[in-house]
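Comments concern the structure below.
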Amino acid sequence: MNLHEYQGKQLFAEYGLPVSRGVAIDTPEAAAEACDRIGGDCWVAKVQVHAGGRGKAGGVKLVKSREEAKVFAVNWLGKRLVTYQTDASGQPVGKILVEACTEIERELYLGAVVDRSSRRIVFMASTEGGVNIEQVAHETPEKILKASIDPLVGAQPFQARDLAFRLGLEGDQLKQFTHIFIGLAKLFQEHDLALVEVNPLVVQKDGNLLCLDAKINLDTNALFRQPRLRAMHDPSQDDPREVHAAKWELNYVALEGNIGCMVNGAGLAMGTMDIVNLHGGRPANFLDVGGGATKERVTEAFKIILSDAKVKAVLVNIFGGIVRCDMIAEGIIGAVREVGVKVPVVVRLEGNNAELGAEMLARSGLNIIPASTLTDAAVQVVKAAEDNP
């Protein structure tokens with residue numbers, strides 16, 4: 001679960017981390033009032049969405065009057081922001097963060113994630129702040145500095161000082177960076193976070209450090225013991241198809257292609273998407289119905305896939321182990337009849353009761369295309385999508 005920037009900064013402030021004075025608003029009038037409350041003669045207005053790239057998409061603006069802040073709010077509230085991290089429809093804008101301006105000397109990066117290989121929280125820092133850190137890691141990995149946190153003793157000041165020296169900080173900045181580092185580590189552990197990022201962590205003209213941005217991702221599995229953070233969830237930022245899928249314990253991620261995929265097992269689902277791509281197709285989604293698939297869940301999976309208007313064909317790839325292929329076939333038949341599927345459906349069944357499942361599909365009288373192998377299935381579904389403009 002993601003938090004908005006303004007929510008992340010509220011948490012930062014509670015842990016004593018330096019953040020800009022700001023106000024989250026949801027009306028144009030409140031935007032003008034926020035400028036008065038903050039004071040000064042210039043402010044930064046930032047739309048609040050769960051996506052990066054806001055600045056390049058016009059969602060961040062320096063405003064120099066109350067009226068300019070109000071106009072920015074009028075232009076964005078209730079609209080959708082499209083960035084390189086969103087789909088073509090973008091994310092809805094329900095709030096805008098108005099902040100005091102900051103005079104920036106340098107931009108750094110500081111973040112932490114759970115490293116699955118070491119099973120520890122790992123902090124990452126870089127002199128390349130304010131840019132896409134994944135790009136920095138790919139192009140200049142030597143610029144990514146790391147510190148692994150021992151779960152028995154927690155984050156240590158010496159680790160912070162080591163990173164600070166290597167970032168080129170000096171004097172009182174070392175103490176400030178250590179305070180931020182220890183505070184983020186404490187925040188991470190006490191709130192069951194999966195990721196926290198300060199990008200950029202800036203050195204101001206006066207030499208002091210400031211957390212200019214806040215990105216927080218919570219471990220969804222731990223939300224039951226974080227009721228306060230759970231209440232911060234903004235459902236407007238969720239894809240309604242993914243919300244629907246979660247209710248049926250389906251793992252669904254929307255993509256940009258036109259071939260719907262329904263598979264049991266995450267590994268097989270990724271392999272299916274790869275082979276569809278290999279044969280010139282573009283998957284419209286990742287959908288894992290899981291090992292405990294039922295007729296009802298298969299029906300709901302079809303509804304979710306077909307709610308995407310871009311889908312021109314559907315590939316069902318099932319390996320029967322725990323789940324029986326005949327039960328999946330029954331679900332497919334019921335779903336096609338109930339939903340009224342209008343696009344070609346290619347089905348490949350293998351494993352437990354696969355032959356029985358194939359017979360049921362053949363006897364159904366429905367326009368379902370059988371496939372004998374995964375390659376055959378990929379070739380057929382790509383052709384079907386191309387033939388269905």
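Note: Cβ is positioned from N, Cα and C throughout, glycine not excepted.
If you check Swiss-Prot, you get these features:
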type	residues	note
BINDING	Lys46, Gly53, Arg54, Gly55, Glu99, Thr102, Glu107	ATP binding site
BINDING	Asn199, Asp213	Mg(2+) binding site
BINDING	Asn264, Gly321, Ile322, Val323	substrate binding site
DOMAIN	9-244	domain 'ATP-grasp'
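Just so you know, the Cβ of Glu107 (ATP binding site) picks up 17 other Cβ atoms within 10 Å once every protein chain is counted. Whole-number maximum of the Cα to Cα distances across the substrate-binding residues Asn264, Gly321, Ile322, Val323: 10 angstrom.
Spanning the residues Lys46, Gly53, Arg54, Gly55, Glu99, Thr102, Glu107 that the record associates with binding ATP, the maximal Cα-Cα distance equals 19 Å. Residues near Glu99 (ATP binding site) in space but far in sequence (CB under 8 A, at least 6 apart, same chain), listed by position: Ser20, Arg21, Gly22, Ile38, Trp43, Val44, Ala45, Lys46.
Within 10 Å of its Cβ, the residue among the binding-site residues Asn199, Asn264 with the fewest other Cβ atoms is Asn199. Within the same chain, residues at least 6 positions away in sequence whose Cβ sits under 8 Å from that of Asp213 (Mg(2+) binding site) are Glu5, Glu197, Val198, Asn199, Pro200. The binding-site residues shown are Asn264, Ile322, Val323; of these, the one with its CA atom nearest the CA of Arg54 (ATP binding site) is Asn264. Within 10 Å of the C-beta of Gly55 (ATP binding site) we count 12 further C-beta atoms, all protein chains included. The Cα of Thr102 (ATP binding site) lies closest to that of Asn264, out of the binding-site residues Asn264, Gly321, Ile322, Val323. Separation of the C-alpha atoms of Val323 (substrate binding site) and Gly55 (ATP binding site): 47 Å, rounded to the nearest whole number.
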